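Following: one structure in structure tokens, then a few remarks.
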Amino acid sequence: MLQIPKIVILTGAGISAESGLSTFRAQNGLWEGHNVDDVATYEGYLRDPIAVHSFYNMLRSKLQNPEVKPNAAHFALAQLEQKLGSDNVLIVTQNVDNLHEKAGSKNIIHMHGELLKVRNEKTGQVFACYDDVIYQDNHLIRPHIVWFGEMPLQMDEIYDALSKADYFISIGTSGNVYPAAGFVQMANQFGVKTVELNLEPSLGENLFNTKIYGPASQVVPEYIKNFM
Ligand code: APR
């Protein structure tokens, strides 16, 4: 390769499906049986912080299951970063699990927050999670999770990386939730090559230059070979 390409990778719940974590919108998905307004909005949290914490404690406990571990897709992305360098490969994940870091990826933006962290509502201080912390110095502690109606994290960095990228690769996301669902459009405007790797066509499928459908553990390692 003459010049090292710059690659921005957006991941969603589909990349972790084969690691034993449910996606959100599938049958038996994470939202089934839960009222999103209750467990995934700030208003729901103010109404009943304990119920919201117990929902996220339940999700967090899934990460402790030894069977939940990175799959071939996570490892392929880590290898890609190792090969091309962290300056050239950025993972922007909507996932709140820790499977990209477990696979060895370093340059990661968790735009929807992280299950293994909580935040002091008043001071903004973010820290590693203790399941039963609700208050710190009389201030409410909240999961470090971006809820519906809230602005995702590190958006300026994401837009900057998209504007400089050669490739935008979207993996395992249904394209239901903005602003992530709009990245492909932005990438197209910047003249970035756009690629969708998903089990099935997403809502934005028509906006991608290249699309390959199948389980992430198969299609991601196969596609990544183009850069290795
Ligand atoms: N390999 C690849 N893709 C898969 C696999 C798999 N093994 N299994 C499922 N998928 C695809 C589904 O076809 C679907 O298009 O992954 C996508 C998952 O979609 P969602 O459940 O909607 O998850 P996601 O797009 O990550 O949700 C975005 O919504 O609920 C909020 O904040 C939450 O970050 C989440 C955001």
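Using N, Cα and C of the backbone, Cβ positions are placed for all residues, glycine too.
Annotation source TrEMBL lists active site, proton acceptor at His112. Summarising the annotation, TrEMBL assigns NAD(+) binding site to 12-31, 94-97, 172-174, 198-200, Ala216. TrEMBL lists 1-228 with the feature domain 'Deacetylase sirtuin-type'.
Known features from TrEMBL, placed on the structure.
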residue	record	Cβ contacts under 8 Å, 6 or more apart
Gly12	NAD(+) binding site	Thr23, Thr93, Gln94, Asn95, Ser170, Ile171, Gly172, Thr173, Ser174, Ala180
Ser16	NAD(+) binding site	Thr23, Asn71, His74, Asn95, Asp97, Leu99, Gly172
Gly20	NAD(+) binding site	Lys62, Asn65, Glu67, Val68, Lys69
Phe24	NAD(+) binding site	Ala13, Leu30, Trp31, Ser174
Asn28	NAD(+) binding site	Ser22
His112	active site, proton acceptor	Thr93, Gln94, Asn95, Val96, Ile145, Val146, Pro152, Leu153
Leu199	NAD(+) binding site	Gly14, Ala17, Gly172, Tyr213, Gly214, Pro215, Ala216
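Its own atom aside, the Cβ of Gln94 (NAD(+) binding site) has 21 Cβ atoms within 10 angstroms in the protein chains shown. All chains included, 27 other C-beta atoms sit within 10 angstroms of the C-beta of Gly172 (NAD(+) binding site). Among the recorded positions Gly20, Phe24, Asn28, His112, Gly172, the residues whose Cβ lies under 6 Å from any atom of ligand 1 are, in sequence order, Phe24, His112, Gly172.
In the three-state DSSP scheme, Gly172 (NAD(+) binding site) is classed as coil. A helical conformation is recorded for Ser16 (NAD(+) binding site) in the three-state DSSP classification.
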